[in-house]
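Engineer: Take a look at the following structure, please.
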Amino acid sequence: MADSELQLVEQRIRSFPDFPTPGVVFRDISPVLKDPASFRAAIGLLARHLKATHGGRIDYIAGLDSRGFLFGPSLAQELGLGCVLIRKRGKLPGPTLWASYSLEYGKAELEIQKDALEPGQRVVVVDDLLATGGTMNAACELLGRLQAEVLECVSLVELTSLKGREKLAPVPFFSLLQYE
């Protein structure tokens, strides 16, 4: 069953060469979201991985702005957990913590509400895609500053040639699909 589900998800990923710049192949997850069966398969595969790896040890899923918001709450619901949001800076009310990270051309910032988690709570970070690892690494930094334990980071797609997984170490990382 898992192989056919993974194939269903993989068949929905579209590739757009030279977008947004020459030499880049953009991996478009929009068709996965459009097709209920492939979206359900993606959530199911991620949930089964997390159950097998962590059992009942996970307290929360942390979804990253913005496409992690599409997968995070659905994954949390599938696992019977709550979901906390890690947003681009300036989007959350109340007291927040923030962290900067590097992009290909400049910097960006993420934030989380200071009361989003209690010290010692165990979290899995989810996003749609791992490229350089900057966003997930900043999220892990923020969660660490809240004294949460990051059990793992997961994504639908991983761009292996950008070595983002290495930036996350020692936090384990899992992806459903890998592309160069």
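Just so you know, glycine gets a Cβ as well, placed from its N, Cα and C.
Okay, these came from Swiss-Prot:
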MOD_RES   Ala2  N-acetylalanine
MOD_RES   Ser4  phosphoserine
MOD_RES   Ser15  phosphoserine
MOD_RES   Ser30  phosphoserine
MOD_RES   Tyr60  phosphotyrosine
MOD_RES   Ser66  phosphoserine
MOD_RES   Lys114  N6-acetyllysine
MOD_RES   Thr135  phosphothreonine
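Each of these features: where is it, how hidden is it, and who are its neighbours?
Structural biologist: For Ala2 (N-acetylalanine), the same-chain residues that are 6 or more apart in sequence and have a Cβ closer than 8 Å to its Cβ are Leu45, Arg48.
Contacts of Ser4 (phosphoserine) defined by a Cβ separation under 8 A and a same-chain sequence distance of 6+ are given as none.
According to DSSP, Ser15 (phosphoserine) sits within a strand segment.
Taking a C-beta cut-off of under 8 Å and a sequence gap of six or more, Ser30 (phosphoserine) has these contacts in its own chain: Arg14.
Using a 10 Å Cβ-Cβ cutoff, Tyr60 (phosphotyrosine) registers 22 neighbours.
DSSP assigns Ser66 (phosphoserine) to coil in the three-state reduction, placing it in neither a helix nor a strand. Around Ser66 (phosphoserine), the same-chain residues at least 6 positions away in sequence with a Cβ under 8 Å from its Cβ are Lys88.
The number of other Cβ atoms within 10 Å of the Cβ belonging to Lys114 (N6-acetyllysine), over all protein chains shown, comes to 13.
Counting only residues at least six positions away in the same chain, the Cβ atoms of Leu64, Tyr101, Ala108, Leu110, Asp127 sit under 8 Å from the Cβ of Thr135 (phosphothreonine). DSSP assigns Thr135 (phosphothreonine) to a helix.
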Engineer: If you draw a 10 Å sphere on the Cβ of Ser15 (phosphoserine), how many other Cβ atoms land inside?
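Structural biologist: For Ser15 (phosphoserine), the 10 Å Cβ neighbour count is 10.
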Engineer: Would you mind reading off the Cα separation of Lys114 (N6-acetyllysine) from Tyr60 (phosphotyrosine), to the nearest angstrom?
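Structural biologist: If we compare the Cα positions of Lys114 (N6-acetyllysine) and Tyr60 (phosphotyrosine), the gap is 15 Å.
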Engineer: Between Tyr60 (phosphotyrosine) and Ser15 (phosphoserine), find the distance joining the two CA atoms and give it rounded to the nearest Å.
Structural biologist: 32
